[in-house]
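K.L.:
According to Swiss-Prot, the feature domain 'G-alpha' maps to 2-96, an assignment based on sequence analysis. The region 'G1 motif' annotation in Swiss-Prot covers 9-16, and the record cites sequence analysis as its basis. Summarising the annotation, Swiss-Prot assigns GTP binding site to ASN13, LYS14, ILE15, ASP16, ALA69. The region 'G2 motif' annotation in Swiss-Prot covers 67-72, and the record cites sequence analysis as its basis.
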Amino acid sequence: MYFHSTAIILFLNKIDLFEIKITHTNITVAFPDYEGPRERDCALEYIRVQFISLNNNKNRKIYQHVTSATDTARIQVVIDMLFDIIISASLKMVGV
């Protein structure tokens with residue numbers, strides 16, 4: 001099981017569209033168990049918790065980012081974080 005301890009990066013992209021759609025479409029269309037309000041932050045937290053609850057390895061790191069690909073500053077932060085993860089994992093593999 002090679003991927004058992006591999007870090008996961010959860011990208012919740014197109015947040016700008018999500019903010020618009022959540023006011024018009026109930027999130028229960030995709031998540032029937034959701035009982036919270038039609039608010040961005042509440043819905044995002046629910047989605048994050050649902051995703052994280054599927055993780056069977058509590059030592060696995062899960063990085064979560066809410067993004068809009070058109071927001072170049074935010075995307076740069078995410079890219080920088082990805083480089084940090086890759087470098088850290090590479091150093092760990094060689095024992096540094």
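Cβ atoms are placed via backbone N, Cα and C, with glycine included.
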K.L.:
In the same chain, outside ASN13, LYS14, ILE15, ASP16, ALA69, whose C-beta lies within 8 angstroms of the Cβ mean position for the GTP site?
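P.N.:
Going along the sequence, the neighbours appear as LEU12, LEU17, PHE18, THR67, SER68, THR70, ASP71.
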K.L.:
How about long-range neighbours of the region 'G1 motif' (9-16): same chain, 6 or more residues beyond its ends, C-beta under 8 Å?
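P.N.:
Distant Cβ neighbours of the region 'G1 motif' (9-16) are 40, 44, 47-48, 51, 62-70, 78, 82, 85.
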K.L.:
Within the domain 'G-alpha' (2-96), what mean pLDDT does the predicted structure show?
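P.N.:
Averaged over the domain 'G-alpha' (2-96), the predicted model reaches a pLDDT of 87.
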K.L.:
Fewest other C-beta atoms within 10 angstroms of its own C-beta: which of the binding-site residues ILE15, ALA69 fits that?
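P.N.:
Comparing Cβ neighbour counts within 10 Å for the binding-site residues ILE15, ALA69 gives ALA69.
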K.L.:
What counts of helix, strand and coil residues does DSSP assign across the region 'G1 motif' (9-16)?
P.N.:
2 helix, 4 strand, 2 coil
K.L.:
Would you count the other CB atoms within 10 A of the CB of ASN13 (GTP binding site), including those on all shown protein chains?
P.N.:
14
